[in-house]
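*Asks:* Here it is, the structure in full.
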């Protein structure tokens, strides 16, 4: 096992920390959104509230530690540091693919982090494609029970699997199997991409199948075609991956598309999120929760305190943004007219 899934997880972490793994000339699209400064905000900064909720639990901020890793010695340190920090700051917390945990108890501590985060909304994760490779509702429920998680998210990563040496490529007829997971698992089931994005048409099909929430995981941050290109030992795969160095739908476009199709669905924005200003922009165009992944990874390699400092900076940046437009809570931020999208001010409407 150490030379299989677990080794791959360690390689992924190392490459995300040290490699050139962002898409080429690909952004989140959020740079096209600008806030219109309010010189007279008429609020007290001390009154600004970031309180939110997700999966039926209260959050101190509308933030999620997005799925990153699990199933290796290095992942154990990372996930435990993230769990301690998420509990302290009141964030939601997701862990990386739990397939390795279903197959072996090796490095189980990287997944068993509920003790470090007893009250945080906890999400476990497995590839949706595994529903075509022997996994089903029973395995999904088992991993929820083993980790005492609040939810499971199925990740859609077709292009990553295509580029990955030995990837699982049978994505045929997954939707009815996803629907069965939603019907049989006794917890909310979400779906996320891994950095290439989910649009409104796909989100509608998933939501109609019973999915509880959508994480768009758009382009503009880590490109898994580039991560797998750096890992690949196959010259043909490596060369082909280069053609996909700017593949994917930008996070901003995903949010607009999904929110337009599903006005009421719980929506997570992730993919290239680096600042609290990014988060504010995402919330303004439809996100309920904002996920951060690689932006937290370097700190998670150190200590929980390092992660907490990074989290506190993101929270402060979000509060400063809200102060700058006179929004005292997230509802006011969502409904603000003090935003310009691609040069079109909502204040003019």
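Just so you know, glycine gets a Cβ as well, placed from its N, Cα and C.
Feature annotation from Swiss-Prot assigns substrate binding site to 8, 9, 97, 98, 99, 160; the stated evidence is sequence analysis. Annotated FMN binding site per Swiss-Prot: 66, 67, 68, 69, 97, 125, 192, 222, 272, 273, 274, 293, 294, in sequence order. If you look up Swiss-Prot, you'll see 161 marked as Mg(2+) binding site, on the strength of sequence analysis.
Help me understand the surroundings of these features in the structure.
*Replies:* Within 10 Å of the C-beta atom of residue 9 (substrate binding site) sit 23 other C-beta atoms, taking all shown protein chains into account.
Same-chain residues at least 6 positions away in sequence with a Cβ under 8 Å from that of residue 274 (FMN binding site) are, in sequence order, 221, 292, 295. In the three-state DSSP assignment, the secondary structure recorded for residue 274 (FMN binding site) is coil.
Sequence-distant contacts of residue 161 (Mg(2+) binding site), defined by Cβ-Cβ distance under 8 angstroms and a gap of at least six in the same chain, are 127, 129, 167, 168, 169, 171.
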*Asks:* If you run the three-state DSSP split on residue 192 (FMN binding site), which class comes out?
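*Replies:* Looking at the DSSP assignment, residue 192 (FMN binding site) belongs to a strand.
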*Asks:* Could you state the whole-number distance in Å separating the C-alpha atoms of residue 160 (substrate binding site) and residue 192 (FMN binding site)?
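*Replies:* Distance (Cα to Cα, whole Å): 13 Å.
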*Asks:* If you measure residue 99 (substrate binding site) to residue 68 (FMN binding site) at Cα, how many Å is it?
*Replies:* 13
*Asks:* Among all chains shown, work out which of the binding-site residues 66, 97, 160 has the most CB atoms within 10 A of its CB.
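*Replies:* Most Cβ neighbours within 10 Å: 66.
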